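The next block holds one structure in the form of structure tokens; read it before the comments.
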Amino acid sequence: MTDDKDAKLIEAGRKLFARDWQFIWASPSIQTLPPMDGVEIAFAGRSNVGKSSLINALTGRNALARTSHTPGRTQELIFFEVPGKKDLRLVDMPGYGYAKAPKSQVASWTELIHKFLLGRASLARVYVLIDARHGLKDVDLEILGTLDRSAVSYQIVLTKADQVKPSELASRIAETEAALAKHPAAFPNVLATSSRSATGMAELRAAMAKLLEERSS
């Protein structure tokens, strides 16, 4: 990709996420999902990995997605879009893995996650968020396996990159990319981000603008 093309995508991403993003729907079950309009991009990850914070940073809206220090606070599929626009919809998924909730409830929304990933025709990409301090865990690999079966393209995004040393971050990226070699549906490169410092946000916005451009052409 040329520098000129990069710059155009960065600007397209900036404009895309400068729009008036709003909450539109919350689905506690597959039966309550909204109609499949346009392109959907979902954000998955372990509980408390920073999905809601990332969505807020992308959109520049500090309170768009509810954030919490309590693992497992997001227990539904939360949908966001720009009113009057049907081109792109963002999905904040329940966190998987450890959560401060009854086991039956955790099992219910874990099932919801897997069913959504396997059966949503409008789902164009999933960003799987991994805490840069901890790397891939077994529960993450389970989700990657589900995504491999679903044939939905996905990419790993490291969160909280500002909380690790540059050398540690480089090692984390390298080991994660090596693990992805076993997953054919995964993008081979890993994005490092920080919601706090905005590291990687322009690149992530540009990647989504590129996807939207490809889908509309």
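Placed from the backbone N, Cα and C atoms, the Cβ positions cover glycine too.
From a predicted model like this one, the values you see are computed outputs, not experimental measurements.
According to Swiss-Prot:
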type: BINDING; residues: 45-52, 72-76, 92-95, 159-162, 193-195; note: GTP binding site
type: BINDING; residues: Ser52, Thr74; note: Mg(2+) binding site
type: DOMAIN; residues: 37-214; note: domain 'EngB-type G'
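Between the candidate binding-site residues, Asn48, Ser52, Thr193, the densest Cβ environment within 10 Å is the one around Thr193.
Among the listed binding-site residues, namely Lys51, Lys160, the Cβ with the most fellow Cβ atoms inside 10 Å is that of Lys51.
Across the structure, Glu76 (GTP binding site) and Ser52 (Mg(2+) binding site) place their CA atoms 12 angstrom apart. DSSP classifies Asn48 (GTP binding site) as coil under the three-state reduction. Calculated from their C-alpha atoms, the gap between Thr193 (GTP binding site) and Ser52 (Mg(2+) binding site) amounts to 13 Å. Geometry remark: Gly45 (GTP binding site) versus Ser52 (Mg(2+) binding site), CA distance 10 Å. Following the DSSP three-state reduction, the secondary structure of Pro94 (GTP binding site) is coil. Within 10 Å of the C-beta of Gly45 (GTP binding site) there are 26 other C-beta atoms, taking all protein chains into account. The DSSP secondary structure for Thr193 (GTP binding site) is coil. A separation of roughly 10 Å, to the nearest angstrom, links the Cα atoms of Ser52 (Mg(2+) binding site) and Pro94 (GTP binding site).
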